[in-house]
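Trainee: Straight from TrEMBL, here's the annotation block:
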TRANSMEM  C:12-32  transmembrane segment
TRANSMEM  C:63-84  transmembrane segment
TRANSMEM  C:96-116  transmembrane segment
TRANSMEM  C:136-165  transmembrane segment
TRANSMEM  C:194-212  transmembrane segment
TRANSMEM  C:224-241  transmembrane segment
TRANSMEM  C:248-267  transmembrane segment
TRANSMEM  C:279-295  transmembrane segment
Amino acid sequence: MTTETTTTPAAAPAAGTPLLEARDVVMRFGGLTAVGGVDLTVNTGEIIGLIGPNGAGKTTFFNCLTGLYVPTEGQVRYQGQLLPPTPHKVTQAGMARTFQNIRLFHNMTVLENVLVGRHTRTKEGIVSAILRGPGYRREEAESRAKALELLEFVGLADKRDMLARNLPYGEQRKLEIARAMASEPGLLLLDEPTAGMNPQETRATEELVFAIRDRGMAVLVIEHDMRFIFNLCDRVAVLVQGKKLVEGDAQTVQSDERVIAAYLGTPMDGAEAGTESTTSTEENQ
Amino acid sequence: MTDTKTLTTEQPDQAALKPAVRMPAAVAHGLAIGGGALTAASAFLAWTYSSSFPGDLTISGYPGGLQWLTLTAGLLTALMGVIAAVPGLRVLAPGNPGNATLLFAVGGVAVTWFTLIAIAVQLHGLVNLTSGGWVAGVASLIALVGTLGLPRAPGSTVCAPTRAEWLQTLYAGAGLLAVGYLLHLTGNGAAGLVMAGAGVVPIARLCIVLKHYTGPTPTLRAAKRLPVAVDVVLMILMLALALEIFAYGVDTPYGQLFVGFLAVLCFSLWALSQSGLLRRATEIFERNRAWAAVLGFLTAAAFVFVQQSDADAALGVNVLIFAATALGLNVVVGLAGLLDLGYVAFLGVGAYAAALVSGAVTSSVHATFPFWAAALTGAAVSGIFGVLLGAPTLRVRGDYLAIVTLGFGEIFRIVVSNLDGVSGPNVTGGPNGIVNIPDLSILGFNLGNPHTILGATIGRFANYFWLMLIIMAIIMLVFSRAADSRIGRAWVAIREDETAATAMGINGFRFKLLAFALGAALAGLAGTVMAHVNFSVVPDPFVFAGPVPPNSAFLLAAVVIGGMGTVSGPIVGATLFYLLQQKLTFLQSNELLIFGVALILFMRLRPEGIIASRRRQLEFHEAEDAPAAQLSTAGA
Amino acid sequence: MHELPQNLANGLFLGAMYGLIAVGYTMVYGIIQLINFAHGEIFMTGAFGALAVYSKLGANVSIWLALPLMIVGGVATATLVAVLAERFAYRPLRNAPRLAPLITAIGLSIFLQQLVWGFPGNKSARVFPQLPGGPFHLGSVVFQSADIFVVVAAVLSTLFLAYFVRSTRTGRAMQATAQDPDTAKLMGIDTDKVIVIAFAIGAVFAAIAGISSGLRYGQIEYNMGFLNGLFAFTAAVLGGIGNIYGAMLGGLVLGLAQTLSAAYIQYIPGMSQFGSQDWSGVWAFVILILVLMFRPQGLLGERVADRA
């Protein structure tokens, strides 16, 4: 767990207890069933991968988990509690996410972006912001310290006063992760964190995700990059056409006939599957 | 500026470019200093035979009216010229003293030739100019030529506009002339103005050329830290100077003088920023924030001592009310990014609320609240209206909000005009409004009575000026602290990307509503004072657009042109707007026309406003340096 | 309640005019997501252009001869103003932050009003020629020639627009640009041209509405575009912004709502003082706020989902 004194909602339960439980999640848009009854459990201290071809419903499933969409059927529980269907309450509860197409606050500085991430873990209101009592000062100082520590962690500390939009692409991804981590989530959801990255950057992101896990956060990651996912994840779930095809450790998934057939295609296509991620843009609906 | 891309730019690390006029450096320095001195001296000559030009420029031996401005510009040119010429004086102007000299000289040319042309035009013919006028004109040009021969700063660029740009300028100017002529034929009152616009086009082009010639504002090494006492003395001196300049601008009795004043002021500020002095001054204010705030407040309070009449104090209090409301709007527009086009209605709600509980005979509520209670009532009622309006509309798309608020502004005006007992219940007195509002009495002291402090008579409006100044200080404090806090960051995050903001745990609706309520409450607070200052509250001022501030369009413009999201921006914008509208009476009734054009041009040329917040500055001009235009706010 | 048919008819005439103006808002918004705040002023310049033509023709010319020329003059003026505004005010800001074009539009609106105000003559109201004939009776409903003019103009304009958007190359290019401007550009569509055409069509319709307004009320003013523009925008939102049929429908609904509220609100117990003409504008905005609360996509609009 992290070292700071601020309250953490996910007061790290013993490793291996269920953190996120999604039961039979269904999402329909009109006649189209984007997600058709998916179960997923994430335990504390785990890194779980979610893979699947384009349009398999991964991001839609993600949006159902984080309250951006209200699932047509099914339940999502976090630490045993039903998750409210609004994004800000989900974050409050202890799940934070990044976006597939980076959504930083472009005209705020790097540090301010992370400070915004602190929003749910701070509570001073407008009156105390104006009066600036000792409580407010303490909280603001704590937030800053925590934010700077996170920037140090992802390696952006020296760029704290730059505008987010002026960061290079890879660092924008890192900043988005730092911003999400600032809300001290028990579970971090990463939506294609290596999209558009070169191999070195991908490897660095791999290290970063391990380091995040070592800080006591469970991670659920959507990816296209096979090598990245199989190196990283304790368990991998494969989503095809809105249904979970198989779930298990890297070995199991890699050797599963159905996955090879449905996702990787013939071995020749499979060789290309890893490079596909750079240009892919998944449909949201 | 937008034209940067079409100009051929040089690598910044390349050696400095050659000056525009080739001459030995010694000659250039000599011409600059001599020309400046001669310009200053020529202000003591008579420029015209006729005393019918305002300011009486017929007296030899003593400057009058616009000649004072020429004198100032000439002296500044000569002074900066000396600093540029003597290497040992570099410490007095750590930036580019050469550029600063040039810009002062340009200011001198601008004001001198403006005066000469104004005399010739107004008195019909060049014959009205005496030899003294010609001496002044030539002297200012000598200074200009000399300063154009000074070595150039690194980072300046090739300044000649391309052929296409000259053609563009030509077409724009000619087009405006043609349109102006057509309007003239139809007898339209705006004809002269449009033709004058044709003259402004090449001037704007020349300013862009000048901008490239001088290059960006120089960056300086960190200065030695002075003892706090020295800093304080320096701040007092600078603020006193700023106050004196501001009071001079307010006092200018005729439009020509005000135009000349603005010209000299703008070029001088530019020159000071080039010389690096503005940067140094900003540093002093920044490292002593508490002192700066206190001294700034005291300086503003001292305004009533340096002004000539209670009418100026009335102007001051109106500027403050306008600026305070603009600052409230800045919470909504600048921070939360919600476009409110009916904002003046909240000022009206506050004013009507205060008028109703003021004990005025015409009020339908027969209650007399003390001021603190009335102010709280005004702010609270206004805030409640903000919530009532916001609650149903803040969930919808941002663009719609603009129209709903516009509709609300109109509804407010219609409603208060109709709640007169005839076409509705009697609450507001309808078109006649609530009149004969008594003066405020605070702690037994009646603000309506003049009194004497330090031998100076403090009139009714001066009393209100001080009251409004205190309220202004409170509003500034509320704004700046809210902006730089968890709440302010949430607002900006919502403005930037609402989906991402909610994913970070921000309750978008709640914070937008908070911004709406806070903005409305601040305007309501300003409205309570407005009701008492003006003796009456009538529906007329609370329109979307009208010739007199405050109205919603002017408020928005003050925020946008001043600088969104900053504290000083809306204050500068509001001051500028109010003064321009008061001073430029020779525009007859074309203020609104100019206002419309100004909005369009500002969005095109400097969308971040006069005072850019650090954020917006980076947003719009990432590559350029931040010009430090802070000092100009000190006098306001 | 015997005057109900008359009130319905009046609402219809008013609504047809709103609808004609609303088309301009909805087309421009549909393509570049800009609230063309100055569109009300385009409506106003159309009316003034027509009046200028009429006053040049002199009083001896028959109104039936003058009317087509006035329409041409009004349409030409409005279109010219709209195209110039698009070219010099809006186009340079196409990629600017969202507030910039909106504020430019406000500036333009004020500028146009003041420019027209500056022309010599009566500043508050100028006399507009009337169409002879009438009043006509249809059952208990009485109406004037100008009312027929506005209804016919609205019907013809809608039919033309439906044909144009569905069946012409430019119309389809317009639909494509509204869907996705970048892709449309890649497909070889000259999006700049499409945008200009949208502004021009909006201006043509607004000019016709402006002339209708002059004919119906017998006078025009420099600031006639402000409230009418506001109501027309309300109509566009009401119908579902971006949808041209929605604009017409929204106009009709709003016109009816205004007329009926002015006529009947006073009969609601406790509301007797709020039924006059003065309050009808208030009720129009109350309707707008209600629509935005309960059906923000408008009557014919489709919900736009946010992308994550």
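Using the three backbone atoms N, Cα and C, a Cβ is placed for every residue, glycine included.
TrEMBL labels come from automatic prediction, so no person has curated them.
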Trainee: Is it the case that the transmembrane segment (C:194-212) and the transmembrane segment (C:12-32) touch, counting contact as three or more CB pairs under 8 Å in which the residues of each pair are 6 or more positions apart?
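Mentor: Yes, these stretches are in contact.
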Trainee: Short question: which residues 6 or more past the ends of the transmembrane segment (C:224-241) have a Cβ under 8 Å from it?
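Mentor: Sequence-distant neighbours of the transmembrane segment (C:224-241): 15, 17-19, 21-26, 29-30, 35, 37, 39-44, 47, 109, 112-113, 209-210, 213, 247-251, 253-254, 258, 281, 284-285, 287-288, 291-292, 297-302.
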Trainee: Per the 3+ Cβ pairs under 8 Å rule, pairs at least 6 apart in sequence, do the transmembrane segment (C:12-32) and the transmembrane segment (C:248-267) touch?
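Mentor: Stretch pair touches.
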Trainee: Residues sitting near the transmembrane segment (C:96-116): Cβ under 8 Å, six or more positions beyond its termini, same chain?
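Mentor: Contacts with the transmembrane segment (C:96-116): 34-38, 40-42, 44-45, 48, 81, 85, 89-90, 222-223, 225-226.
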Trainee: In terms of Cβ proximity under 8 Å, which residues at least six beyond the ends of the transmembrane segment (C:279-295) contact it?
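Mentor: 227, 231, 234, 237-238, 254, 257-259, 261-262, 265.
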